[in-house]
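S.K.: Here it is: the structure, laid out below.
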Amino acid sequence: MSDNMQIDSPSPQEIDEGLYSRQLYVLGKEAMLKMQNANVLIIGLNGLGIEIAKNIALAGVKSLSLYDPKPVSITDLSTQFFLSESEIGQPRDVASREKLAELNSYVPINVVDNIDEETLLKFKCIVSTNISLEEQVKINNITHANNIGYINADIKGLFGQIFVDFGDKFTVIDQTGEEPLSGIVSDIEKNGTVTMLDDNRHGLQDGDYVKFAEVEGMPKLNEGNPHKVEVLGPYAFKIKIDESYGEYVKGGLYTQVKVPKDLSFEPLTKQLAAPEYLISDFAKFDKPAQLHLGFQALHAFQTKHQGELPAPYNEQDATEAFRYAEELATQNPSILGEDKLDEKYLKELFYQARGDIPGVVAFYGGLIAQEVLKNCSSKFTPIKQWLYFDSLESLPSETEYPRNEENNKPIGSRYDGQIAVFGKAFQEKIANLKVFLVGSGAIGCEMLKNWAMMGLGSGPEGKIFITDNDSIEKSNLNRQFLFRPKDVGKNKSDVAALAVQQMNPDLKGKIDSKLDKVGPETEDIFDDKFWTQLNIVVNALDNVEARTYVDRRCVFYKKPLLESGTLGTKGNTQVVIPNLTESYSSSQDPPEKSIPLCTLRSFPNKIDHTIAWAKSLFQGYFAESPESVNLYLSQPNYVEQTLKQNPDIKGTLENISKYLNNRPYTFEDCIKWARQEFETKFNHDIQQLLYNFPPDAKTSTGAPFWSGPKRAPKPLEFDINNKDHLDFIIGGANLLAFIYGLKEPNATVDDFKKVLEQVIIEPFQPKSGVEIAATDAEAEEQANNLSGSIDDEQIRKIAASLPEPSTLAGYRLTPIEFEKDDDTNHHIEFITAASNCRALNYGIEIADAHKTKFIAGKIIPAIATTTALVTGLVCLELYKVVDGKDDIEQYKNGFINLALPFIGFSEPIKSPEGKYNNKKFDQIWDRFELNGDITLQELLDHFEKEEGLTISMLSYGVSLLYASFFPPKKVKDRLGLKLTSLIKEVSKKEVPSHVKNLIFEICCDDEEGEDVEVPYICVKL
């Protein structure tokens, strides 16, 4: 045994939320703490082994140990991104250790010098790759008997195999990782039928469990015991209750309860004979059984040939391996059942057995690492028990790239693993691609690593362009694995480019990294010349707006686009091919449900509502009001200008008056301000609401006003010993001091207490005539009335009370920009406190800063495993794009959820077809192309004569250049103008010099005089 195992180190430290922030939102604290107690061993440090190790190290287990004494060879460099030519001959595990250790300082990386039983028993989970079937059985017999998780995985070219065994009894605490469902009850019948309020869907399934709270008339139901659900429909479910539960009066909330589930796994020896498969592609339902025999046949071949696999595309070797598959099928006929062995399909596996494809490695590496995390944390449902996969559609066309023993033999290159599958000519094609990667965050880093292994862009004609205008933050390090702690603050694209050039020196000088955001404002940088040189565009973005823009450019320049995204354990990939598929923008997600205005202002019933209210309060206090003050101080005629645009001018001016006439001069003043605001928001405003709508108020129909989603609030009495009350004061005072540029003393809690004791609070006086909207319709009506009833006299009065800007020359406030990831800036502290105080008003369960940050910061949960997997799938599509496949059935859009686990594929949707005058056109990809800066008359004549179309309207951007209903003189004046002159005359702007294409939209009639939809016009200057 080596002495550096550190297996019995003390219990894990607290979770570093700065580092693991995004992953915590995927796994939760409980699962993370379990992982930090788990020791993991990886046997086999080829490309797949290192990919799994990388993902596990980033995720944060207690320790990660490696075993692979085999010496490094040149072919390892096909996918082993932490090895280089200088390490050839060294043991793989020793050579990989240091680079793995850099990924996460919380995870010690050890090398073990044997894998006897004593060593294996030290681990919670063991992964093996690339070992003999005999060794797998030996290891699994030990792990199964001792309840140690065991995963074996193998990759052969475009094929892959996973086996999972987590022992006789493995408990899954949370099968899906989804937030527990909850809702408001409108009725519970005596037979146990529960009905939802206001046609809200409950989303539950048969067998789910729920608990209840706040049900009036049924105290026994509120005791918190889980009840099993029988679904009656989308708006009702049934639970078992008897007469002892009492009779329903009103109210009630239900919340789903996650019930642990026990799973039982069989050892490898049993599963070899009677396998249980997870299907990865429903179009290949019969393939797992074929591959189950095929992979065993390869082990039989290796046994006969001293561990050697069949040579690439060697017919003799493939025939021998197929013979072993036939013998296995005869020995165990139940595996194939009625089916026959598919010789053509299995020979493809044998031909490719020495292949090592970066895309398959990334896909499987993400998948397997997530299985390890499931074993260590008991969170999410594991694979039972085999998963087979192939991506034969990625093979290039036989006619252009023939695959045979000569073309696919190794050439002593780092790309031999890829050449073994695709051949030398296709490898050259990959090397000479020009590819644009938009974004170098989590997906971008993984993509670049895959491309470095593929040799993409490394040839004489090749080039990789990257752009990202973001810099590296600590929370990125947990999944953007090309970055290290020393890189925090640097530009993502530059650091990523340097990192992959070290992985593959062939990329030196082949990467052009930019810091520019891709958008309309940078079309002079990403111009015609830039776009036309590209072969493929790949998105690695995290927002819809940027994705849509890149998609539009790809459609315009007719460039293939590979798109992907992740959300926690969910991921998707989409391939967009010119003149074949629809584009990214063709389909859209449904819009997010917004919180009704009256719910936000007066009737919250969920913590999400109070967090949204608190974020809005933060923006109002510390961003919008200071910005209004600065505009007033810097803009002449501010009041007159604002009157025209802002219906709530009165509220805006009152705020400016408060911020200038009552400005604080000391930090003590800031504390007093925060205390007064506490009283206003959490006491007086609540008392006013109850004055307008007393607890016993009734609606116009005689029903109780405070029922259903409306919860009657209680005013808060300030309590200095309540953490949320005090945090509101501390956060508020510090933020106010910041906007006024006051020095913030390092005030202690005692300092705050001293000042707070001196604050005099006026008692609440109810105001009559205060309108509070009880419904959204009322809120909308009030907003409309606001814009229609501006009281000039009142506004003049407030405006007159404002100090003259000239008396405050040069004086400005500093508006605060919300930043969620800095725990020292009081932003999240203040929002959490404000949200929790409001939750206390309404009897809603409060949330910690971690949850508040997630909702207020709109954080996208993320984990390295999903990212790796998704980029692997993208690279498998990339091979198809390089080959120029024009059969839509060969392409796959991927949909995965590692938590379930679910892997599904579908064909892309074909681009829609349009028609005019019996001519067909592609509604997405086709356009009318004209050359030269012609006149408007020439353009109209061309369409009349060549296309049989009479143009009735012509527009450029937002400018209408021509319409048949224009006055004759206007039309006459414009017909003789060149298009660029016409644009200048109408829009009052020159066409920028970098613009080489003018895009016009038209409305027109066909030969029958009917209005028809046609493509846009592109005029090349």
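Note: Cβ is positioned from N, Cα and C throughout, glycine not excepted.
Bear in mind that the values here come from a model prediction, so they are computed numbers and not experimental data.
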S.K.: Among Arg22, Arg927, which residue does Swiss-Prot annotate as binding ATP together with Ala442, Asp468, Arg479, Lys492, Val518, Asp542, Asn543?
M.R.: Arg22
S.K.: Taking only the Cα atoms, work out how far Asp470 (Mg(2+) 1 binding site) lies from Lys492 (ATP binding site), in Å, as a whole number.
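M.R.: Counting only the Cα atoms, the answer is 6 Å.
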S.K.: Going by a 10 angstroms cut-off between Cβ atoms, which of the binding-site residues Arg22, Arg479, Lys492 has the sparsest surroundings?
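M.R.: Checked Arg22, Arg479, Lys492; of these binding-site residues, fewest Cβ neighbours within 10 Å: Arg22.
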S.K.: Any same-chain residues 6+ apart from Asp542 (ATP binding site) with CB under 8 Å of its CB? Would you list them in sequence order, or say none?
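M.R.: When sequence neighbours closer than 6 are ignored, Asp542 (ATP binding site) has Gly439, Gly441, Gly565, Ile860 within Cβ distance under 8 Å.
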S.K.: Please identify, from the binding-site residues Asp468, Asp470, the residue with the sparsest Cβ neighbourhood, meaning fewest other Cβ atoms within 10 angstroms.
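M.R.: Looking at the binding-site residues Asp468, Asp470, the Cβ with the fewest others within 10 Å is that of Asp470.
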S.K.: So if I measure Cβ to Cβ from Ala442 (ATP binding site) and keep only same-chain residues at least 6 apart in sequence, which ones fall under 8 Å?
M.R.: Asn476, Arg479, Gln480, Ala540, Thr566, Ala862, Ala864, Thr867
S.K.: Max Cα distance spanning Arg22, Ala442, Asp468, Arg479, Lys492, Val518, Asp542, Asn543 (ATP binders), Å?
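M.R.: Value for the max Cα separation, rounded to a whole number: 25 Å.
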S.K.: In sequence order, what residues of the same chain, 6+ apart, have a Cβ less than 8 Å from the Cβ of Val518 (ATP binding site)?
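M.R.: Those within reach of Val518 (ATP binding site), by Cβ under 8 Å and sequence separation of 6 or more, are Val438, Thr467, Phe526, Ala546, Tyr549, Val550, Arg553.
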S.K.: How big is the gap, in Å, between the Cα of Asn543 (ATP binding site) and that of Cys598 (active site, glycyl thioester intermediate), rounded to a whole number?
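M.R.: A Cα-Cα distance of 29 Å.
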S.K.: With Cys598 (active site, glycyl thioester intermediate) as the reference Cα, tell me which of the binding-site residues Arg22, Asp468, Lys492 is the closest one.
M.R.: Arg22
S.K.: Applying a 10 Å Cβ distance cut-off over all chains shown, what neighbour count does Asn543 (ATP binding site) have?
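M.R.: Other Cβ atoms found within 10 Å: 11.
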